[in-house]
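Quick look at what Swiss-Prot annotates:
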- 73-96: transmembrane segment (TRANSMEM)
- 159-182: transmembrane segment (TRANSMEM)
- 198-222: transmembrane segment (TRANSMEM)
- 294-312: transmembrane segment (TRANSMEM)
- 349-372: transmembrane segment (TRANSMEM)
- 388-414: transmembrane segment (TRANSMEM)
- 435-457: transmembrane segment (TRANSMEM)
- 532-550: transmembrane segment (TRANSMEM)
- 574, 583: [4Fe-4S] cluster binding site (BINDING)
- 590-611: transmembrane segment (TRANSMEM)
- 665-687: transmembrane segment (TRANSMEM)
- 676: chlorophyll a' binding site (BINDING)
- 684, 692: chlorophyll a binding site (BINDING)
- 693: phylloquinone binding site (BINDING)
- 725-745: transmembrane segment (TRANSMEM)
């Protein structure tokens, strides 16, 4: 195939910057609202403070220059990284200064992790519970101790050094953010050079990042963990640098080290299989993945990403062009296919962000599930409070990211989308949006009525004493046969479809019970009718969330009801009376509604996880091998009715948080109570009439005028949108706080 001269042309990569584009001025920054002419004039009404918060980070509203917006985002990313390094440094510092890490390291099954000792001011020292080893403190459930163990950290001094390193990196990032905005700001074409960006992120960030971590794991983590696993005390283990410079020391633990790099260059790579393993399953000593497996995994990823980082065409005429790849995509029903997509993704950061948030959100939810099915760090599997916390945390993060994807998709549609440039291509999926939305709606109605209907049927039959007519494992069975089939093929894989694996990828699928310190780390998770029922509730709530978000961005520019919606903007309360309902139709309102359904989805998912694990996985193992689970396997019979969920999960397991007063867990009792109040407070904003408050304010202002203490800034009721924002924020904050206290008080007591 002949290549035209146009295709051979490559965009020469130039580092192009503007020198000193923006002055560094503390005087300017000290003025509230300096980024907006209107806000800089100062407050006339109380609405000013709301607009200040709403617009401070809305760079689109501050300038129409894409280059300037790009620079602000780029600079803000360095600020974000600085905060992350500061937070990391704080975590490591707490580990070094206030924790019982070294004691935990010598007895990880008998001592609980703690890195916070509460000062006695008026009796708060009650919160310092006995975590074992003579240490009194607040039990932490973050998983840091297990991560440090996997990294090969054995002393507080190492934690101190890392904390100082984190501070140095935070300062460097802060400087970089200032430098690349005020001293040398990249030009727009630098931000739009996607091939270079892909190559650098794939090869540098992911490829070299994985390679660096592999090196750390092989040279430091593996030998130190091998010695710890075999019972050597942390004090007797050689210092980390000795493993780096003393090959004999390494060769005692991993004989292939004595051969150096000869096997690598002679392609006898199998020689290295003593530290790059493919075992599968879990380390029976720690209940975590084999660290030699994870080193091998990261090495493989490094190779993949380093190769991927050489795929895109830059200064040399070889490799892919992103625009050509996209425009080659043409399906039978999508007209010009992906034509125009390259222009969208290089000129709309909202479109980019929407895709990235959806991907990262989904990835976070995948991480949540892998953390318990394949526990990656030593002793994390038997630390039930940490397992529950990490699952819940990653589910929440994922949910917020996915709703954020819907938000930025709508903002893209309203602010950045140009219909003239997107005729007859894939982006005109808005042409068949009615089919998409009505099908989703039908799916939601079907799933909702059928999944809920199965529970209602069971509740009714149980109330009538007709247990033989219920859907259950002992009466009318609804077994999840496809899930059970997936479990069985994974269990049978080692030696068959995965010929080199010694054990299954996860014992959740089947196989042995792995116990550490007489506690279950992981075991086969049997699925039955109760799981089948609740999985259809998951399907229902997830599809409703998707319906709201997808309808939101597909109709964010126009609809039959409001054809000129794009002119009204991303958020507006209503579009006047007289045409049916024109309130709650903006892109923003769909995000608002989507957040509630995201909360519904995740609550059911984390409740399902918490109860299922306590009922069917977590528990103690007797010397004879009998397992007694925390709630004695009650999930299969109790979780098949609404009443069972209310009585045997919510009510039965809330006893610990409700009765926590006067114990080390009493803070959770207070948080449980306070978070309920925060949640109830949200309802005042969600069921509110704006006019009611404005009338009330007028009366209060009249009274102030009467006694001549009227404020200079005129009080205003919250706008409808502001009220909804305050409402949903407190609803979610209250809900998350309540769940946090409920879960932790329970699992710290019984786990």
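Using the three backbone atoms N, Cα and C, a Cβ is placed for every residue, glycine included.
Sequence features annotated in Swiss-Prot and their locations in the structure.
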{"residue": "574", "record": "[4Fe-4S] cluster binding site", "DSSP class": "coil"}
{"residue": "583", "record": "[4Fe-4S] cluster binding site", "DSSP class": "coil"}
{"residue": "676", "record": "chlorophyll a' binding site", "DSSP class": "helix"}
{"residue": "684", "record": "chlorophyll a binding site", "DSSP class": "helix"}
{"residue": "692", "record": "chlorophyll a binding site", "DSSP class": "helix"}
For the transmembrane segment (435-457), which stretch among 198-222, 294-312, 532-550, 590-611, 725-745 has the most Cβ pairs under 8 A?
532-550
If we count other C-beta atoms within 10 Å, could you say which of the binding-site residues 574, 684 has the fewest?
684
Number of Cβ atoms other than its own within 10 Å, given for residue 692 (chlorophyll a binding site):
10
Nearest of the binding-site residues (583, 676, 693) to residue 684 (chlorophyll a binding site), judged by Cα-Cα distance:
693
Between the Cα atoms of residue 676 (chlorophyll a' binding site) and residue 583 ([4Fe-4S] cluster binding site), find the distance and write it as a whole number of Å.
29
Between residue 692 (chlorophyll a binding site) and residue 574 ([4Fe-4S] cluster binding site), what C-alpha distance do you get in Å?
18
Who sits close to the residue listed as 'phylloquinone binding site': which same-chain residues at least 6 apart have their Cβ under 8 Å from its Cβ?
717, 718
If contact means at least 3 Cβ pairs within less than 8 Å, sequence distance 6 or more, would you call the transmembrane segment (590-611) and the transmembrane segment (159-182) in contact?
no
Top stretch among 159-182, 294-312, 388-414, 665-687 for CB pairs under 8 A with the transmembrane segment (198-222)?
294-312
What's the number of neighbouring CB atoms sitting within 10 A of the CB on residue 676 (chlorophyll a' binding site)?
15
Any residues 6+ beyond the ends of the transmembrane segment (294-312) with a Cβ under 8 Å from its own?
194-196, 198-204, 206-208, 210-211, 213-214, 217-218, 221-222, 275-278, 319-322, 376
Taking the Cβ of residue 583 ([4Fe-4S] cluster binding site) as centre, how many other Cβ atoms lie within 10 Å?
13
